[in-house]
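Features as listed in TrEMBL:
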ACT_SITE  A:Asp7  active site
BINDING   A:Asp7, A:Asp141  Mg(2+) 1 binding site
ACT_SITE  A:Glu68  active site
BINDING   A:Glu68  Mg(2+) 2 binding site
ACT_SITE  A:Asp141  active site
2 protein chains.
Amino acid sequence: MRVLGVDPGLTRCGVGVVEGVAGRPLTMIGVGVVRTPADADLGHRLVAVEQGIEQWLDEHRPEFVAVERVFSQHNVRTVMGTAQASAVAMLCAARRGIPVALHTPSEVKAAVTGSGRADKAQVGAMVTRLLRLSAPPKPADAADALALAICHIWRAPAQNRLQQAVALHTSKGRTA
Amino acid sequence: MRVLGVDPGLTRCGVGVVEGVAGRPLTMIGVGVVRTPADADLGHRLVAVEQGIEQWLDEHRPEFVAVERVFSQHNVRTVMGTAQASAVAMLCAARRGIPVALHTPSEVKAAVTGSGRADKAQVGAMVTRLLRLSAPPKPADAADALALAICHIWRAPAQNRLQQAVALHTSKGRTA
């Protein structure tokens, strides 16, 4: 199973591709950050995020896209940009018929560290170990994107298969 | 000046096209609502919003798109969907090089009724009068979209010209 994890953001949108199945060693296929200039207007920043995500989808052809679920409760100042970047990522995936899954930050932390309240350093350390990397991916957004992908591979494989079947059916229906 | 106003939402996204210049009678070119099923998954709903907005852009070729500025403070329960739908509308416009403007709900109310605290009925009544319609557009999201377009035509025409020049320059730069 190949998953693109997306840690959404307008200034830095973390992206990471992981391949593997639950219970077997995982492989990192790619990791990076899609950046948009803070002084550009919002519409152009969203276009830049779209172009970046499209490039990752083209290059790595993931079967699933896992996006961090954005909550409106915290980080009020930046949450709108995060919600908007996540919308673009979900749109790009759904347009291609790729199933999109949302995972909360605490689900992701719990999946990779065993604790939903782990800090960034702990998440980075576990991502490094689980993917057998020589150093933690930088910046933290990139490590978080890999953690999202790992979380998705480990959570509910049966649910993934169901979702994939539904997405395939829906996208066939739309093009028919 | 032809403006597409967008009152963003996932369940109902109001859209309205108004043509005119400040100080002259305005003309409604079209009004409607892009709907997406509440039981569909988020990715597919965003794709449906994209298809709806694209259709309105194709059909009416607006020179500006005015979108309601979403605040995270109120309506916490629905604000994420609103932010995501607004991101799709901004993305569609910016991709075509159409300048996008954001107006707050109180700016829109103040523009069409004279009061930033006007209620929905008052906004609907003024939209009806200003566009010389026989009845208020229904649902309220459709009337709000027209109010957004009117607000945009009336606010800062000089600013609009500047923005259009910048957007044209930027989109030329990108395709080069």
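Cβ from N, Cα, C; glycine included.
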#### Entry: A:Asp7 (active site) and A:Asp141 (Mg(2+) 1 binding site), distance between Cα atoms, whole Å
6
### Task
Only counting partners 6 or more residues apart, tell me which same-chain residues put their Cβ under 8 Å from the Cβ of A:Glu68 (active site).
A:Val6, A:Asp7, A:Pro8, A:Ser86, A:Leu102, A:His103, A:Thr104, A:Pro105, A:Val108, A:Asp144, A:Leu148
## Note on the structure
Using a 10 Å radius on the Cβ of A:Asp141 (Mg(2+) 1 binding site), the other Cβ atoms enclosed count 25
### Task
Starting from the Cβ of A:Asp7 (active site), draw a 10 Å sphere and report how many other Cβ atoms land inside it.
29
